[in-house]
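Below is the structure I would like to discuss, written out as structure tokens.
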Amino acid sequence: MVNIKEKLFVYLHDPPDKALKIENHEERSKKILSSGNIQYSRTDKVKQADALSSKTQRFIIRTKENKEPVIDFLGRSSGKYFHVGYPVFIHPISTEIKRYETLEKYIDLGRSNRGERFVNEFLERVSKLEGDVLKEVFEDASNKFKGEESKQWAYIWQFYPVKLKEGVKEFAKSELKLKEEEAEKFAEEFVNLPADTRFPDHAIWTHLDLTSALSVKDPTLLRIKIVPVQPFIANSRKQLDLWASSHLLSMLMYKALEVIVDKFGPEHVIYPSLRDQPFFLKFYLGENIGDEILVANLPNKALAIVSGKEAEKIEEEIKKRIRDFLLQLYREAVDWAVENGVVKVDRSEKDSMLKEAYLKIVREYFTVSITWVSLSEKEDIYQVTENAGLSDEDVKKWLKFAEKKENSRVLERIAIYPLLVKILDSLGERKVTEERFEKSEQLKGWKCHVCGENLAIFGDMYDHDNLKSLWLDEEPLCPMCLIKRYYPVWIRSKTGQKIRFESVVDVALLYKNWRKIFDEKYGKDLVSKAREVSEDFVKDNMLVDSDLYYSSTWESGLSKKLKNKKEIDEEKVKEVVDFLNAAYKEIGNPPKYYAILVMDGDDMGKVISGEVLGEISTRIHPNIRDYVEIPEAKYYSTPQVHVAISQALANFSIREVRSVVKDEGLLIYAGGDDVLAILPVDKALEVAYKIRKEFGKSFENGSLLPGWKLSAGILIVHYKHPLYDALEKARDLLNNKAKNVPGKDTLAIGLLKRSGSYYISLVGWELIRVFYNSELRKKLLEEKGGVGKRFIYHVLREVDTWPKVGIDEMLKFEVIRHIRGRNKEETKELREKIYGEIKDLLEHVRGNNEVEKVRGLFTFLKIITDAEVFP
């Protein structure tokens with residue numbers, strides 16, 4: 001378990017302010033640690049970790065008069081260092097350079113007024129502040145988690161940067177007399193200083209995390225993967241099942257990572273980053289984070305650094321913790337199902353639901369595959385990459401430089417970290433296959449009515465008719481699907497939170513605020529009339545199901561909603577139908593379509609490895625490039641960069657995605673670069689575009705964002721279409737349509753009509769912005785001047801017959817054919833404008849030739865007009 005004082009002197013071997021002044025930075029660490037009564041010591045642990053870390057950042061400093069070039073805020077040469085510039089931060093993916101403008105401005109001003117001693121005086125005050133904050137956080141952790149050193153350390157790790165930022169901001173306002181906004185920027189820059197000012201692609205906290213993680217005996221990279229994912233999620237009949245599936249998978253990964261955190265600390269988790277992670281904050285540190293906990297945001301794969309001698313024990317403990325959690329969840333689900341009439345058996349018969357055949361399904365459903373490889377063992381780096389089939393010309397150039405720096409080709413494995421991750425992935429996938437192959441057969445019997453995969457509870461004991469009669473809605477469930485149904489209840493009991501939209505109908509009715517408008521005018525009357533038909537239709541003065549807003553539901557299918565089968569008054573039902581139809585005439589028919597949005601970062605595996613990140617020279621501070629030997633080779637990633645990217649993805653998924661979706665729909669999953677959301681049709685494109693925009697940013701208020709490309713699939717589908725098939729089609733749009741476009745960064749949008757007609761268009765993200773601001777959009781929505789469905793229909797019907805060399809002329813002909821203004825002059829102007837806009841839009845449509853692009857654009861326009869996507 002964690003020794004908190006040992007953790008701190010390893011972790012704070014460098015001060016958070018290191019980049020302010022490189023010289024004597026270790027002395028500042030001593031002062032900070034002394035505030036917590038911890039003695040600074042550069043032990044073998046620290047030396048080992050620092051040495052391993054340096055293996056991954058390989059360039060050779062050229063000396064100048066036996067001095068080293070230095071980049072810090074001291075602003076002058078001193079001792080063995082000669083100053084070449086102020087620090088910057090280089091984004092680990094986009095390589096965008098960010099300056100520390102507020103710090104520069106303040107330090108320049110102070111130096112000009114008070115001379116060189118100003119920086120040293122400033123550092124004295126800052127070091128004291130860092131020590132005071134550490135002492136405060138240390139005491140808070142000790143008081144909150146008495147005798148629990150693992151949790152004490154986790155609390156310090158999480159909140160020291162947070163509290164330090166708050167302290168620096170107050171310091172900037174009170175001591176430096178900065179205004180609120182400038183003080184906020186000052187603090188943001190201070191807590192995001194680079195770890196290495198020469199190679200500034202990761203922050204100081206990333207370096208401190210990695211050094212602490214590498215300080216264990218025989219540091220070993222461990223990979224965790226939980227499967228199945230898509231089949232488990234896809235086997236969802238209801239939106240609530242879908243949410244429960246995704247959230248439960250995140251909970252299982254949290255349980256796995258909990259073992260790592262207990263034993264070593266949260267900084268040992270490389271991916272996903274646990275800093276600010278809602279599951280970590282809520283379930284490990286007991287923080288009150290509100291409904292943030294309702295978003296599934298932990299992936300099914302993780303990487304961590306552990307001690308090699310502990311790896312086997314960790315594997316056993318992770319598997320046991322997940323297994324025990326699922327079994328306990330199932331036992332609670334059985335109690336809930338019996339008590340709430342989900343399954344109609346006496347309490348005395350409940351034990352039969354806990355027999356071994358059903359428990360075995362729970363134990364064996366998920367495969368938790370864990371593999372590991374030592375980072376510190378030495379091997380011939382050429383041989384390792386050759387054996388793994390990963391050696392190409394770019395890799396060989398990169399290895400050659402590593403060999404030159406260390407004067408040996410036999411190096412610690414961490415030197416080839418990105419290739420090691422690939423090797424570990426390959427080993428892990430092989431192990432997954434082997435372990436899933438070993439699963440035993442289930443008893444013969446009737447299958448679950450939701451997943452169709454597992455034996456239904458009592459499916460081996462009753463004939464089909466009697467089996468159905470035991471279950472609510474005649475829907476027999478297997479142990480895993482029963483867990484899904486119970487899981488929202490369990491989460492609410494642990495967090496006090498409940499998801500807002502339980503069905504796709506809830507989301508569909510958000511379209512143009514239809515439900516809000518209806519409820520304000522007719523809601524009370526509808527509830528009253530529904531209660532007259534049956535009390536089963538009303539609970540807490542609300543309709544029990546949102547599909548009761550549709551007159552078609554009242555005309556057929558009411559019996560399924562009755563708890564007790566009984567005759568209903570058809571006249572009363574007719575009154576409800578007539579009431580609804582009258583309301584529709586006033587405010588319009590209720591929306592029947594909703595959108596599924598799935599998104600995924602492009603080539604993220606290659607981003608993590610560094611294969612698509614350009615040359616090494618792009619990672620080095622511009623002012624120091626004349627003083628270092630830079631290999632002419634691709635930049636291959638480092639553990640530091642992996643941690644930095646992990647944090648950027650966490651910032652994106654935890655903060656930005658949630659902020660964009662807000663109350664627009666239901667955010668099911670936002671983990672790393674993946675997003676799954678259910679949205680009303682009129683918000684789907686807007687939300688998708690905003691999320692892509694956030695993903696493409698490198699920085700937001702000082703915090704890292706991915707700064708990369710993202711592709712998406714949007715399926716617009718009728719609320720009665722089977723959810724599992726809609727999910728499959730949405731993922732097909734992403735994985736087999738958008739992701740197959742060269743260069744990607746593509747949106748594949750599809751409209752699946754109730755009739756079965758299916759329309760698909762592939763476009764670039766900028767098309768959404770261009771179209772939204774176009775005259776064409778206005779005319780399509782107004783349906784004036786002939787610009788409408790007729791125009792779209794004629795182009796789509798005839799485009800495949802157009803001559804390949806006459807596309808522009810045919811487009812002009814169709815515009816002239818369909819566009820009319822109020823007079824000759826307006827008609828001419830309108831035709832020219834719309835033709836020009838169509839040409840602009842075609843620049844953002846994916847296709848192999850002009851005909852494909854025209855078809856793609858007009859299919860997009862058909863989807864827009866038919867589904868009324870834009871408000």
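Cβ coordinates are placed from backbone N, Cα and C, and glycine is handled just like the others.
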Need one residue: from Asp569, Asp578, Asp600, the one Swiss-Prot lists with Asp673, Asp674 for Mn(2+) 3.
Asp600
Would you list, in sequence order, the binding-site residues among His25, Cys448, Cys478, Cys481, Glu656 whose CA lies within 10 Å of the CA of His13 (Mn(2+) 1 binding site)?
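Passing the 10 Å Cα cut: His25.
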Rounded to a whole number, how many Å is the Cα of Cys478 (Zn(2+) binding site) away from the Cα of Asp674 (Mn(2+) 3 binding site)?
29
If you measure from the C-alpha of His25 (Mn(2+) 2 binding site), which of the binding-site residues Asp14, Cys451, Cys481, Asp600, Glu656, Asp674 fall inside 10 Å?
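Close binding-site residues: Asp14.
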What residues, ordered by sequence, lie under 8 A Cβ-to-Cβ from Asp600 (Mn(2+) 3 binding site) and sit at least six positions away in the same chain?
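The list for Asp600 (Mn(2+) 3 binding site) reads Asp673, Asp674, Val675, Leu710, Ser711, Ala712, Leu734, Asn735, Lys739, given in order along the sequence.
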If you draw a 10 Å sphere on the Cβ of Glu700 (Mn(2+) 4 binding site), how many other Cβ atoms land inside?
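Excluding its own Cβ, the number within 10 Å is 14.
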As a test of the contact definition, list every same-chain residue at least 6 positions from Cys451 (Zn(2+) binding site) whose Cβ is closer than 8 Å to its Cβ.
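Within the chain, Cys451 (Zn(2+) binding site) has Cβ neighbours under 8 Å at Asn235, Cys478, Met480, Cys481.
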In sequence order, which same-chain residues at least six apart have a C-beta under 8 angstroms from Glu656 (Mn(2+) 4 binding site)?
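Result: Ile691, Glu694, Phe695, Glu700, Leu705.
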Restricting to the same chain and to sequence separations of six or more, state which residues have a Cβ under 8 Å from that of Cys448 (Zn(2+) binding site).
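The list for Cys448 (Zn(2+) binding site) reads Asn454, Leu455, Ala456, Gly459, Pro476, Leu477, Cys478, Met480, Cys481, given in order along the sequence.
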Counting all other Cβ atoms within 10 Å across every protein chain shown, which of the binding-site residues His13, His25 scores highest?
His13
